[in-house]
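Chemist: What follows is a structure written as structure tokens; I'll ask about it next.
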Amino acid sequence: MDKSKQMNINNLSNIPEVIDPGITIPIYEEEYENNGESNSQLQQQPQKLGSYRSRAGKFSNTLSNLLPSISAKLHHSKKNSHGKNGAEFSSSNNSSQSTVASKTPRASPSRSKMMESSIDGVTMDRPGSLTPPQDMEKLVHFPDSSNNFLIPAPRGSSDSFNLPHQISRTRNNTMSSQITSISSIAPKPRTSSGIWSSNASANDPMQQHLLQQLQPTTSNNTTNSNTLNDYSTKTAYFDNMVSTSGSQMADNKMNTNNLAIPNSVWSNTRQRSQSNASSIYTDAPLYEQPARASISSHYTIPTQESPLIADEIDPQSINWVTMDPTVPSINQISNLLPTNTISISNVFPLQHQQPQLNNAINLTSTSLATLCSKYGEVISARTLRNLNMALVEFSSVESAVKALDSLQGKEVSMIGAPSKISFAKILPMHQQPPQFLLNSQGLPLGLENNNLQPQPLLQEQLFNGAVTFQQQGNVSIPVFNQQSQQSQHQNHSSGSAGFSNVLHGYNNNNSMHGNNNNSANEKEQCPFPLPPPNVNEKEDLLREIIELFEANSDEYQINSLIKKSLNHKGTSDTQNFGPLPEPLSGREFDPPKLRELRKSIDSNAFSDLEIEQLAIAMLDELPELSSDYLGNTIVQKLFEHSSDIIKDIMLRKTSKYLTSMGVHKNGTWACQKMITMAHTPRQIMQVTQGVKDYCTPLINDQFGNYVIQCVLKFGFPWNQFIFESIIANFWVIVQNRYGARAVRACLEAHDIVTPEQSIVLSAMIVTYAEYLSTNSNGALLVTWFLDTSVLPNRHSILAPRLTKRIVELCGHRLASLTILKVLNYRGDDNARKIILDSLFGNVNAHDSSPPKELTKLLCETNYGPTFVHKVLAMPLLEDDLRAHIIKQVRKVLTDSTQIQPSRRLLEEVGLASPSSTHNKTKQQQQQHHNSSISHMFATPDTSGQHMRGLSVSSVKSGGSKHTTMNTTTTNGSSASTLSPGQPLNANSNSSMGYFSYPGVFPVSGFSGNASNGYAMNNDDLSSQFDMLNFNNGTRLSLPQLSLTNHNNTTMELVNNVGSSQPHTNNNNNNNNTNYNDDNTVFETLTLHSAN
């Protein structure tokens, strides 16, 4: 650059510049030279003031919003320094006013100019300086002069020489601020050619000058005490900032209300508004709460009450690695530093080793968590399916190291199978087992005299009280007991007692009261050991029941179905849904293209030939697209418009993925469409081959059961595999919510299911009837068999199966409904006779003693006596049979002393008087009622009874309070009997209940004797409405406006009040009402005058 150009650049401060379109703003600037002059020379330079107007439309709205605020702050700084008398600034560097540099290169393509808003120590009112017009101050509102916007908080000598964050104008919480809230992110440093660039680097001479002046002697009294802590410029984490600049905040208590991202100290950015847009720091609202002013700067992780436990999870469902060489290669890692997670090999399910706990869920992982809890806090414990591997995650690495050293080589899960402990890492995701032989005391052999047999570490957790069980339906959920985990390694001698507590809930004799913590609303536990025997053990019984049906069926098909069911090779794992399609690295049909294709197909823009061409083009991505949100709709259209040949090609590509597709919320629609559109034998065969091996998990799935019902429509023999799978895994399916309903749907499809298939399934229901009747889902099939099935003699065939466990079933609340359904069936008296004879004995046998089953049932305190009472209340019982049952029940109740019979049963058999028991109960309730509401009325009398206050309810039911007419006896005095017409002294101390007898009025507060009335408390106002009383004792008869007097007539009452006949009148509102209470009516009476 030549000399002339340099001269022009040096004189640029005298030239008006473009500031903001359409706004006149005073700009205070000072020109600096870049030749290294001293501070004294800088302070002696005059300050120029310029005010210019320009209009241009090339600046953005953001720039327009910034400039007025900056100008206002600069102008306010000038006014603050001038004062009212226009005094000059002090030129000393120790001034109480701080300086803030704002280097602002101007918008010029060929030059850049350094501007400063204000410099301390430079006078403003020198000759030749420009003075802004007075009306400029009216453009913006300036705050109080005590608010020094550009003066930072005081700094100490030990503070670092880093300029604080500039706090610029807060953005309004408007719609535009919410839409563009991301604009608060600091921009990258611009070059000097930018209009509004960031501040200069610290190496700039101007910044060096400013850093020397940032040592004020006084502090700002208006410093904001916002509790939001400053974020370091080197890291986005808050805790790191505390160590670097903690002294600065502690000594000076600076206002660092800045949410700018790191490395934005020199940026001229705005504050983020409080909007719904994504925040830079997710913890910003946490620090903005005023109530958290004294919160610690360190983040704390809340402690879990119990660890995360899960048994037999899919190893592919989590992302994990370990140094154990026995795991699959994809989960192996050669070198891994100590982590907070360990892997334990040779971990076998405890449910297989403990038959009495086979219905417990998450048992192994719970026991594993209790075992490892003594080494530290356990976050999660998981066992992996088919790997005999467990992953235990601790809260710290030290706990994991301690557990690894202690458990290495120990027999954790099974004796003779030492476990290998290795470090692991859980990465985030974008033969018949041996049974215990019980002795006479009910304890396992070897536990006598506290001589414990060798047990693996996991099984010890079951016996030392660290794990308790809660029954949820037919499964037991182990509960992590944190109180016992502290002393579990000290009390090894308590194993026998703990084992007896575990077995207590599974003993048949104590099954009903072994779990006292369960509420009445929870599902009842099955009284039989679960799971039931396999169908292989019930084959003979199954064939016997089929013969009892005596139905015309093909015996060959029945035998073939049973034989194939016994040799069924399909999976019984309800979580195995077959292979998944391989994920595609790059998809040709992305969502935008799929959306366009669907629009074109829906608008009939493609012909069938073009759709078939599209199907061939999408063939490689077809399995993946079938489970896509948009792709499954395209696949459905392809199967609707393609020919059989194209459908064969597509089914060949997708058939092996039908199971995994059918259980997906999107893929199930494409899967059902494929099955529905399959018509040719080749297509049907491909569909059945795809779902045959995974029928059981499909039936038990909420989406997959609809897939099975679609396959059912293929008919015999294509749907034969469905019945084979149901018979082979009968209990696994029928106890499931979806499985039981899917089986019922198969039985109700009369036009599709063959008689042989229906007969075999019906025989399976009878075979497992005692188990099904105790399960809420299985009971649906028993109900179908009794109510819907058309097989002859089905009740008589089912009754013998129920009588073998009659006591347990009748004492079970749910199972007893099945028994009552058989007893109330009118079309089969033989079934009713079988059940009643098993409970109460044969009615024709003379002097027969009650069966043992009846004694056991009446001793069952849960539901047994209630069931017997319901049997006696059946309307179908003949008189002689009812008398026989009552006789047997009376004999058992009188002979046994251990039975606690219910009141209703005692009344039913005549051992208790219904009236006496009823009256006694009523009196108890009445006494309790009187004592509970006595404080609500006036001062009670000696009897403790009170009158009913006059209200709508008391007028309509005045005699509803069941109190006697006898006075209450106190201090041994006898009670006098009162008749309705007997005169009563008003001064009598006796009290009487409020009854609406004809001719008797409650009188209170009168002098003298009151005839034809009875005493009442002063809180009753009924006398105010019945009569008028004069001071001379005369009582004037008034027509009573009651609900029963329409004509306002009076009736003469002589001596016998009871001779009045009840009658019905109409009131003035024409309501036909007769209010009778205890054979009395409201009557209109005439009271004779005392004169």
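Heads up, the Cβ atoms here are built off N, Cα and C, so glycines get one too.
Remember, predicted model here, so these are calculated numbers, not experimental data.
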Chemist: Which is it, of 31-51, 157-177, that Swiss-Prot names as region 'Disordered'?
Modeler: 31-51
Chemist: Can you check which of 208-231, 568-591 Swiss-Prot lists as region 'Disordered'?
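Modeler: Range annotated as region 'Disordered' by Swiss-Prot: 568-591.
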Chemist: According to Swiss-Prot, which residue among Ser913, Ser979 is annotated as phosphoserine?
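Modeler: Swiss-Prot annotates phosphoserine at Ser913; the rest carry no such entry.
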Chemist: Out of Ser77, Ser129, Ser494, Ser931, which residue gets the phosphoserine annotation in Swiss-Prot?
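Modeler: The candidate carrying the phosphoserine note in Swiss-Prot is Ser129.
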Chemist: Based on the annotations in Swiss-Prot, which residue of Thr131, Thr939 is described as phosphothreonine?
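Modeler: My reading of Swiss-Prot gives Thr131.
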Chemist: Any residues 6+ beyond the ends of the repeat 'Pumilio 4' (725-760) with a Cβ under 8 Å from its own?
Modeler: 474, 531-532, 535, 542, 546, 549, 551-554, 557-558, 561-562, 565-566, 568, 570, 572, 574, 695-696, 699-702, 704-705, 708-709, 712-713, 715-716, 719, 768, 771-772, 775, 777-778, 780-781, 784, 788-789, 791
Chemist: Over the repeat 'Pumilio 4' (725-760), work out the mean pLDDT and round it to an integer.
Modeler: 92
Chemist: I'd like the per-state residue tally for the repeat 'Pumilio 2' (653-689) from DSSP, helix first, then strand, then coil.
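Modeler: Computed counts for the repeat 'Pumilio 2' (653-689) are 29 helix, 0 strand, 8 coil.
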Chemist: Write out how many residues of the compositional bias 'Polar residues' (568-577) are helix, how many strand and how many coil, based on DSSP.
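Modeler: Taking each residue of the compositional bias 'Polar residues' (568-577) in turn, the totals are 0 helix, 0 strand, 10 coil.
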